[in-house]
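Annotated features, as they stand in TrEMBL:
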type    : residues                                                                                              : note
BINDING : Lys6, Ser7, Lys8, Leu9, Arg10, Arg134, Leu135, Gly136, Tyr137, Gly138, Lys139, Gly140, Val141, Tyr142 : ATP binding site
BINDING : Leu52, Glu57                                                                                          : substrate binding site
Amino acid sequence: MIKSDKSKLRKIFQKRRLLLTPAEIRQMNRNICKRILSLESISDKKIAACYLAINNEPDIKTVIDQLIKNKKTVAVCAFFKKLNEYKLVKLSNLENLKIGPYQIPQPSTLTLIDPKDIDLAFIPGLAFSEDGLRLGYGKGVYDRLLTNTKALKFGVCFDFQIIDNFSSESHDLRVDFIITERRIIKTQNI
């Protein structure tokens, strides 16, 4: 698959997500969060990389809230203008967020978290294949941030975003599990 094919797939899935009704999104988000919170594999983890949803991505704020209540460290992406790149920073609560580039919320106070310290990661995507390939927005943010981590990686998406295998590049991030509102898929990556 060439890059233009990936671009077409991105457009298709962005449009499809935007067609969801608020009621559909709320119900699917509830189901996804229930599945995540029922995972035994997260109880012994200390530092979780999460994301703050945009553009009808599955919203996992309920999970983030619970992780913080359980005294886990939560990290999210934040853009550093001077470096012109994204880094992982600590998220202490879901208040006092500011809007960063691409309308992505991020903490007002930026305390760096070393990606090597992450032991659990929840990663959004426009599409995933059952063998763990992730189609992101094309900026390579998660590919770069989570390359050198041994974290257990969970792709988070709606069930319609699971597609047949698509080609990837060597730098593309693979996930160990995919969580949707209907199921949890163990990928070939694990």
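Cβ atoms are placed via backbone N, Cα and C, with glycine included.
TrEMBL entries are annotated by machine, without manual review.
Since this is a predicted model, take the numbers as computed values, not measurements.
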Practice prompt. Going by DSSP, give the three-state secondary structure for Arg10 (ATP binding site).
Written response: helix
Discussion item. Just checking a number: largest C-alpha distance across Lys6, Ser7, Lys8, Leu9, Arg10, Arg134, Leu135, Gly136, Tyr137, Gly138, Lys139, Gly140, Val141, Tyr142 for the ATP site, rounded to a whole Å.
Written reply: 20
Worksheet item: Which Cβ among the binding-site residues (Lys6, Lys8, Leu52, Tyr137) has the fewest C-beta neighbours inside 10 Å?
Response: Lys8
Item to complete: Could you check what DSSP calls Val141 (ATP binding site) once collapsed to helix, strand or coil?
Response: helix
Fill in: binding-site residues compared (Leu135, Val141) - the one with the fewest other Cβ atoms within 10 Å
Val141
Worksheet item: How far is it from Glu57 (substrate binding site) to Lys8 (ATP binding site), counting Cα to Cα, in Å?
Response: 18
Worksheet item: Cα of Lys8 (ATP binding site) to Cα of Leu52 (substrate binding site): how many Å, rounded?
Response: 24
Worksheet item: Looking only at DSSP and grouping its letters into three states, which state does Leu135 (ATP binding site) belong to?
Response: strand
Discussion item. If I take the Cα of Leu52 (substrate binding site) as reference, which of the binding-site residues Lys6, Arg10, Leu135, Tyr137 has the closest Cα?
Written reply: Tyr137
Worksheet item: So what sits near Arg10 (ATP binding site) in its own chain, CB-to-CB under 8 Å and at least six residues off in sequence?
Response: Leu126, Leu135, Tyr137, Gly138
Item to complete: Take the Cβ of Lys139 (ATP binding site) and count every other Cβ within 10 Å, whichever protein chain it belongs to.
Response: 11
